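Worksheet: the structure to be examined is printed underneath.
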Amino acid sequence: METFLFTSESVNEGHPDKLCDQISDAVLDACLEQDPDSKVACETCTKTNMVMVFGEITTKATVDYEKIVRDTCRSIGFISDDVGLDADKCKVLVNIEQQSPDIAQGVHGHFTKRPEDIGAGDQGHMFGYATDETPELMPLSHVLATKIGAKLTEVRKNGTCRWLRPDGKTQVTVEYYNDNGAMVPVRVHTVLISTQHDETVTNDEIARDLKEHVIKPIIPEKYLDDKTIFHLNPSGRFVIGGPHGDAGLTGRKIIIDTYGGWGAHGGGAFSGKDPTKVDRSGAYIVRQAAKSVVANGMARRALVQVSYAIGVPEPLSVFVDTYGTGLIPDKEILKIVKESFDFRPGMMTINLDLKRGGNGRFLKTAAYGHFGRDDPDFTWEVVKPLKWDKPQA
């Protein structure tokens, strides 16, 4: 059996870039909660002892940006300079302006257009991907890297590993077999964890705790063997982390947010953007489309692309590729996808209920992936029943 190796990485919520994603989405949540028609393009950057939020926001909501920044940093665990940032003492800079009137008239006609006539907020192309290799219909390499990152945070916050600090990165290499276009995981080849820690813990303690409390509960035993390689804090020391260690910026972890390098990516980030921004809503609808194709048994693996022009409601193109795993031709699957999903931005917003903020709805997406999550707020993960005629054997 000929196999190959594929690697996906993740970072957890204390990584500086992910901190910025979460702040941007916390701002979006606050705006949408009070004013569902808010137009939000919120960026965040951070470095030692400083967080800045900036961008274009048009909203009727009353938003305390500084409080959102401090609350988000605190909830992640940035509560002192020792761990990389002090939520209560750091400088918070805010530079927010209104959405450009040129964009506003072209996209939503200054709020006068009907939902079906609302244009895309920008040009761009987005991809959705699904694969039958996991129950989530997501790539195993990505799922494991993401879940290990989430577990790191869990054992830090619940006190299991008191030496842990907020910043951390994970990476998983999986050995795969290509079954006529479908991906079949064989084993986990390598697990890499680099996590921030306090000064008191030894490297041996770190390795022992990570294996016992993080790796063992997450990676199914069937994928591990005596040849699996573990790189646990291979640099030897990771005390300085968070924004003190590295600068952070919204939108720099777009592969971690999506499919871990599988499928494809149009380049647009998600966090801090309201649903008229097709970078986000377009990527959500094509995930639902790809997932529905696989879940309905039409293919074992699917990639769906959609593209837009600014101010134009109808997509410019829709594309489907099932990597040779489709039970019917891709052109027939494409026809079913176009009949079953409304790719107009205003209609995607309604059908996926994307104007609903609050409850940390978009904040939840900003760490540990936007796809493959079992949470009713992730409306794009709901499989749509598709009508198709299965070919007779």
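Glycine too: its Cβ is placed from the backbone N, Cα and C atoms.
Annotated features in Swiss-Prot:
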BINDING   Glu9  Mg(2+) binding site
BINDING   His15, Asp167, Gly168, Lys169, Ser235, Gly236, Arg237, Phe238, Asp246, Arg252, Lys253, Ala269, Lys273, Lys277  ATP binding site
BINDING   Glu43  K(+) binding site
BINDING   Glu56, Gln99, Asp246, Lys277  L-methionine binding site
Same-chain residues at least 6 apart in sequence whose Cβ lies under 8 Å from Lys253 (ATP binding site): Val11, His15, Asp17, Lys18, Asp21
Report, as a single number, how many Cβ atoms besides its own are within 10 Å of the Cβ of Ser235 (ATP binding site). 7
Looking only at C-alpha atoms, tell me how far Lys273 (ATP binding site) is from the residue listed as 'K(+) binding site', rounded to the nearest Å. 9
Which listed residue (Glu9, Glu56, Asp246) has most other Cβ within 10 Å, given these are binding-site residues: Glu9
C-beta crowding around Gln99 (L-methionine binding site), within 10 angstroms: 22
Rounded distance in angstrom between the Cα atoms of the residue listed as 'Mg(2+) binding site' and Glu43 (K(+) binding site): 23
Argmin Cα dist to Arg237 (ATP binding site) over the binding-site residues Glu43, Glu56, Gln99, Lys277 returns Glu43
Compute all pairwise C-alpha distances among Glu56, Gln99, Asp246, Lys277, the residues listed as binding L-methionine, and give the largest one in whole angstrom. 30
DSSP says the residue listed as 'K(+) binding site', in three-state terms, is strand
